[in-house]
Amino acid sequence: MTSLPQVHLVDDDPDVRAGVSLLLRSADFRVRSFADATGLLQAITPETAGCLVLDVRLPDMDGLALQARLQERGILMPVLFITGHGDIPMAVRAVHAGALDFLEKPFDDRVLIDGVGRALEVDRRQRRRREETTALRRRLDALTPRERDVLQGLLDGKPNKRIALDLDLSVRTVEIHRSHLMHKMGARNASHLARLVLDEGAAGYGEEA
Amino acid sequence: MAGQPLTLHRRRTPAVPIAPMGTLLLRSLVLVSLYYAVALWGFLFTPDPNGVALVWPATGVGLALVLLHGPALLPAAALAAGLVSWQFHLEMMPLAQALGTTAATLAGVALGARLLRGLGFSPRLERVRDTALLLGVGALAASALAAAAGAWGLALGGRELDFTGTWWRCWMADLTGLMLVTPALLTWLDPHAPPLRAGVTGGWGMPLLLVTVTILVTGMTYSPLLPPALAMPLSYAVFPAILFSALRCPLRITTGLILVSGAIALSGTGLGFGPFADMGQTTGLLSLNAQLALLALTGLLLAALRAEREAERERARRHLDELARAGRLSTLGALSSGLAHELNQPLCAVSSYAQACRRLLARGRLQELAETLERLEAGTRRAAETVRQIRSFASGQAPPRHTLDPATLVHEVEALLRPELRRRGVHLVLKLPEGIPPLQGTPLQVQQVLLNLLHNAMEAAEGRQPAQVCLELRREGKALVFIVTDTGPGIPPQRMERLFEPFATWKRGGLGLGLSISRDLVEAHGGRLSARNPPRGGAEFRFDLPLEDPHDVPAASPSGGR
């Protein structure tokens, strides 16, 4: 479904690019490097797994603009900024705008490697969560309108009898719907079902109901 | 001289450092020998039975050496004067008077040297003031005293002598001797003088020719070969040689020529030859001495005037150098954050390589380790190159002009400016034609002008659409033209007129010296810097540098407008 996680390094200085990617490779990360923001934007999609290591000042775009562009495109990979002398204020703004961290050049290898490791971990968690959300959404989409009504009743904590009364159905019919939807949602029991739907943040569900 | 800083305005000559005993003895020996030799020579050409020498350079010798080496030589001067008195005067006067003569001569030398030192006289004779002081103070004090001593000695010697006449002749003899001998000794024996080689710029041909001509012409004039009617006008023939030497040769050559021609003229006259020999003693002596004194004065004054002009030119050049350095430092300051970034990049790469090396080593990936070490080395070289460029640009000394390759100059300037261009998002276009001929000039100064113009253009173009600066080199006739254009708003018309004047800035944070210094530097290279707003927009600065032979390029000189 998605490629293996990679570190995407963008710096216009060839020496820095070579040095940093070699360092990351020596710590067993996969690295793709780019000389400018345009090259990076052409190479990645929202599905790309990994993280971004960006110089805050690139020839075609500064770090903040690139960050905005990535968000526009739904690319949510964590960003680590690296900065040369004098760009600290911009790096701070970048962190406020959602970057994971910034490192001042030249940096300590452990700090960089830890940072990249952390970024990849964040990306993995985000991605898994997004996948789970997508799966849940698919399951919810598979429910019939009636089953959804029953699910709403269950989430509101109503007993079957009450749901049957509210929906003008027989208790037996409600039980059948309930059994179907428990199966479709992969829930073991009512409380598991509630946790699945509410905890995994099916945010749109309430509006629909 | 502890109080010297407080009395700077009195321009005192610095004290002569105390020399070791051996040096002192050697110098004393030189003084005594020279003094004795010239006294002997003076008496040889003394036709007067009363012992009044035709010329008396001994006082000049004493004055020159005491001026050069300080009062420590006064005992030697006393010894020399005593020796001469004993040898030549003792038969004419009693011991007490001979001692008196010696003491008066010595007092003359001491007082003359003291006065000259006190008045800031420089033995280099490179100022008109020094020549005037030597002639005025030295001649008046030393000669008058010495002459008084001579006359006094002679008068006391019981001869039937007219005191005033004797005094007058003695003084004349002393003054001529001093004018001939003292400048030559001061310039040739000065231990701090630069080597003679350094002053001879156009080869040794000219000095040798002048010496030959002077000796031949003076020798002919004061020889029995020529009739007086021909010898008299010929006695002025030495003037052009002295004048030429004063203008073209080191001062030492000039003083040497004056001494040699004077010695030949006096010797010839003493032997009874030449145009002045038949005039009768007083008249002939007076005429010859006057001519020689005028010759010496003319040569010395002319040489001093030339030295003063050269010193003034040198001062202006140094002033421009200092101003240019201040300008470079200010430019570097403006570029510093970009340059720091430029330095930080290779440092970051190097640090990454080094850390990667450690990891590769720990894992035994030796092949990759070796490759990485090579790249690490390349990174340190890059950083070192940036540091070298900054340092050479900030350095104080502008190396002397030599042949420079314009393309190299331009690329070095581009390297200094690149980080700042990048930071401001300004694009630099270089139009360098193939085969640009080399230039003659001072690389640092040409680069400074380029950097200044490009920096201004960059500031003007920043934030414009497009933000672009263009540097074009073009050969036009015998000149190489540098044209800097930008896409900025152009020069405000009301600024145009005073654009190159110092402090005429309209930018915030600028001193307004950049363009003024740039123009002076271009003009010092024999070129011209101009500005205009071309019809297509933006501003255009252009300057041309001549592509000619180095000898045709005028030396750095002060320009107008200051």
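Don't overthink the numbers, they just go from 1 along the chain as shown.
Backbone N, Cα and C atoms are what each Cβ position is placed from, and that goes for glycine too.
Since this is a predicted model, take the numbers as computed values, not measurements.
Annotated transmembrane segment per TrEMBL: B:24-45 (among others), in sequence order.
Residues or ranges marked as transmembrane segment by TrEMBL: B:52-74 (among others). Tertiary neighbourhood of the transmembrane segment (B:52-74): same-chain residues 15-16, 18-19, 24, 27-28, 30-31, 34-35, 38-39, 41-43, 45-46, 80-81, 84, 105-106, 108-110, 112-114, 116-117, 121, 123, 138, 142-143, 146, 150, 154, 166, 169-170, 173-174, 176-182, 185-186, 189-191, 266, 269-270, 285, 289, selected by CB-CB distance under 8 Å and a gap of 6+ residues from either end.
Residues or ranges marked as transmembrane segment by TrEMBL: B:94-113 (among others).
Annotation source TrEMBL lists transmembrane segment at B:133-154 (among others).
According to TrEMBL, the transmembrane segment annotation covers B:166-189 (among others).
Positions annotated as transmembrane segment by TrEMBL: B:201-222 (among others). Outside the transmembrane segment (B:201-222), and at least 6 residues removed from its termini, the chain residues within Cβ reach (under 8 Å) are 231, 234-235, 237-238, 241-242, 244-245, 248-249, 253, 256-257, 260-261, 264-265, 267-269, 273-275.
Under the heading transmembrane segment, TrEMBL lists B:228-247 (among others).
Long-range contacts of the transmembrane segment (B:254-273) within the same chain: residues 41, 44-47, 54-55, 125, 176, 179-181, 183-184, 186-188, 210-211, 214-215, 218-219, 221-224, 235, 238, 241-242, 245-246, 284, 288, 291-292, 295-296, 299-300, 303, each at least 6 residues beyond the stretch ends and with a Cβ under 8 Å from a Cβ of the stretch. What TrEMBL lists as transmembrane segment is B:254-273 (among others).
Only residues 6 or more beyond the boundaries of the transmembrane segment (B:285-305), in the same chain, are considered here, and those with a CB under 8 A from a CB of the stretch are 54-55, 125-131, 134-135, 169, 172-173, 175-176, 179-180, 183, 235, 238-239, 242-243, 245-247, 251, 254-255, 257-258, 261-262, 265-266, 269, 276, 279. Look at TrEMBL and you will find B:285-305 (among others) tagged as transmembrane segment.
Per TrEMBL, the feature domain 'Histidine kinase' maps to B:338-549.
Annotation comment: TrEMBL describes B:528-562 as region 'Disordered'.
Per TrEMBL, compositional bias 'Basic and acidic residues' is recorded for B:539-552.
Using a Cβ-Cβ cut-off under 8 Å and counting only residues 6 or more beyond its ends in the same chain, the transmembrane segment (B:24-45) has close neighbours at 51, 53-58, 60-62, 65, 69, 72-73, 75-77, 79-81, 83-84, 88, 173, 177, 181, 185, 189, 266-267, 269-271. Across the residues of the domain 'Histidine kinase' (B:338-549), the predicted structure has a mean pLDDT of 84.
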